[in-house]
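Before any comments, here is the structure.
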Amino acid sequence: MFPKGNLAVTCWVWRSMRKLFLFLFLLLFHAAHLEGRKDNQFIWKPGPWGRCAGDCGAGGVQTRALWCFHFDGWTSHLSNCDESSRPPKERSCFRVCDWHRDLFHWEVSDWHHCALAPATPGHAGPRTAECVTAQHGLQHRTGRCVQRWNGTVVANEICEHFAPQPPTEQACLIPCPRDCVVSEFSQWSTCSKGCGKQLQHRTRVAIAPPLYGGSQCPNLTESRICDAPISCPLGEEEYTFSLKVGPWSKCRLPHLKEVNLNGRPVLDLSSDSKERVTSRHQSYKPHHHAKPWDIEIGYQTRQVWCTRSDGKNAMLSLCTRDSFPLTVQSCVMPKDCETSQWSSWGPCSKTCRSGSLSPGFRSRSRNVKHVAVGGGKGCPELLEKQACIAEGGLLQPCPRYSWRTSEWKECQVSLLLEQQDPHWHESGPVCGGGIQTREVYCAQSTPASTAQRTKEVFRPVDKTLCLGPAPAASQLCSTPCSTDCVVSSWSAWGLCIHEHCHDPQGRKGFRMRQRQVLMESMGPAGHCPHLVESVPCDDPMCYRWLTSEGICIPDHGKCGLGHRILKAVCQNDRGEDVSGTLCPAAPPPERMACEIPCRMDCVVSEWTEWSSCSQSCSNKNSDGKQTRSRTILALAGEGGKPCPPSQALQEYRSCNDHSCMQLYWETSPWGPCSEDTLITALNATIGWNGEATCGVGIQTRKVFCVKSHVGQVMTKRCPDSTRPETMRPCHLPCKKDCVVTAFSEWTPCPRLCKSGNATTRQSRYRIINQEAANGGRECPDTLFEERECEEVSLCPIYRWRPQKWSPCVLVPESVRQGIMSTSEACGKGVQTRAVSCISDDNESAEMAECLKQANSMPPLVQECTVPCRDDCTFTAWSKFTPCSTNCETTRSRRRQLTGKSRKKEKCQDADIYPLVETEPCPCDVFTSQPYGNWSDCILPESRRDPQRGLRVQGDSKQCGQGVRLQARACSDKSGRPVDPSLCGSSGKEMHEG
């Protein structure tokens, strides 16, 4: 037995050792785990692929960076990652170059049907909102990058190098679903009196079909068993019978034992001769005897059977009464289109060297030997192109072409006015929005070194040689409308002063008033009125004393009588302070008496300023007056000084006592800027560096003295000090010579031959780049030249030459007897003919020549009918009678019975064999709708101002009732514009206003 103390120590040691062993075990386990993960704690992480570099096409190379990452996120040396799992650092790629633009393009499909847009996140589930007008939807389409020549799909990155991928999704609207609407059921049909189960029916019709996903129509028919059916004796049940017709079988040739050896002639279309070839058994040739391109006539069959209402088959006689559907018919054995071998490749279209390495193209062709018949496979492509690179190190550099433009022409406002009003004609200056145009042409680019040495002259070339979009040839512009100046009101009349204060003479002077320009005039016809007016006056003074009053200072105490200190200053006519010796009068006194009211005195205010003059001038009936006033501020107290009478609170004085005949200077518009010999010499001395006579010129105008209400008077009546300038310097614009391009190359003449309607003349042209201006050299008269081509022979004309139709080939007699149980050779068949290509001199030619020139090839096969003994025979239908212009008329055609059919009773039934056919006349539906905005209000010619001709902003001389016009476009049912007369209109709509 252990003591209790030793036992406690032993337990404690045991527990401590157990914890230590557990810790060591976990440590070893973790170390083993880390040792196992040592190889997996580093991973490869590649970067994005870089741009494709290297040679154009499939020889490009793409690279990317690789990093070795620890699983904790930090980078490490590449050697720590497993080399066996290293991702590739390079890969081959297709390097896109600029010349690939001609080889690849985006191909997009048509937009699919508009489908309801999916519910937005957070609003899952069916839509419960009721549709009012339309619902939002989405429609999609596919887009892919393909080669132009063979349609092979390539990576989208190739086309994205030139243009972004077209959108493949767009929003659309779906009209609200419209359910099917049906009528009420009809009455139940009556039950027959026969035995067995009888059915009665009732029907209803669809009034409106379902649209835009609406509910489908319910059943339109219902049936039920009649009440109290009568049992039928055994074998006398009543059934309904229906005829079933199967599809036609493939066309096949009969076996030799089925061939009718009757020697029927057929056409051998593989022969080069134009004669009909007759041989036995050619109607149905065995395969090993037929030539490769004989048109072979076979036959095809179909099944016809009769079914009973209980699903069982029945005799055909129970389903057919009068007519029986065909079960066998003649047909043409299918033959595919046959072409010749490919020709050798033509030369490369590119024979020069370009920096972009863009390739040329070469082509090869093949001809049609035989067209497809009987539903055979159509002809493949007859022309094939492929890119090519011209070989040789001595190739000349390819010329470069770029778009060139002439300078913009003047803004034409009349073009828009003529569109709005066809009857409008220009009769004066017009302003507002217009159109200006310029010539856009393609020209060969000149190297920079050459362009610096020589003056660049471009030659127009074919516009297809320039890549990229052409610059705009027109743009909107605006011609500013002329507006007059906006001026302020007149100032007060000034004092009477000498005309020349520096040299005063006589006792006559002038009083003047002025106004200011608040807004300058605009446009060539803008005008500013005179700004200064004057009237003569007597006793002018150039210098006057101007006094200012101080405050009133009492002589004794704080109120009562006192004095004011007056300060006088001598001023000239411009309001400037001058010496007092210049003022002719003595200076005013320095003191002036005044009074300050005492506590009980009446208190009045100071005098107000003099009011403006009641009249600007004086006439016989009235003079101008000015007033000023003062008011009582406090009444007098007991013993104080009383207030002045009311008449003493207001004062009057005369003003503007001069005549109403004002004088002012009027000027004519400035003339054109012209060359002045003195200034030209000055320009030469200072070394004016201009190509033409650029520099400073002179503008002049006339000045008149005008008396109001009288007109022009002598110039000495107006003050010379305010006389406007009659001459001013101006910028003399440089002379601009007309600049034209070189003549383009002559248009090509026909190389080998010319067609019947082709032109035999060639032409060339040149374009005005810059119009002459300011006296520069004018443009040449000849911008277009034309000349005759040398003698060129006419191209041969090719046409189709069809042979006569062969006799009608029917189904072989053995087949007809075996299937139709008849030996009469009649019914539907097939007939053939040969069609050859000949020239205008009746020589044989390749079929490809006719396919190029003539219309589609005439048919080689057609259906025919051999009448049976019991058939009704007719003449051919006549032509339809002509139609009138009215859309509601009809046209008809006729035929007649022939031979014995005229006496047969069944042929007289017009319902089955009509002799007259009537149909509505074809009618083109034209729609008229407004196009563009309403024009401005246009006055009749008699109401227009002859000075202006058209309303201009600021011109208020036109008013009254006019008309506004709006164009109306007439279009057919396809939306194409047509002559407005087809819509019964003149092309415009008029509205009086």
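Cβ coordinates come from backbone N, Cα and C, glycine included.
The feature domain 'Spondin-like TSP1' is assigned by TrEMBL to 180-229, 337-389, 602-660, 738-793. Among the features that TrEMBL reports, region 'Disordered' is placed at 970-993. Residues annotated as signal peptide in TrEMBL: 1-36.
Across the domain 'Spondin-like TSP1' (738-793), DSSP helix (H, G, I), strand (E, B) and coil residues number 0 helix, 17 strand, 39 coil. In the domain 'Spondin-like TSP1' (602-660), the DSSP tally of helix, strand and coil residues is 4 helix, 17 strand, 38 coil.
In the predicted model, the domain 'Spondin-like TSP1' (602-660) shows an average pLDDT of 85. Counted with DSSP, the domain 'Spondin-like TSP1' (180-229) comes out as 0 helix, 17 strand, 33 coil.
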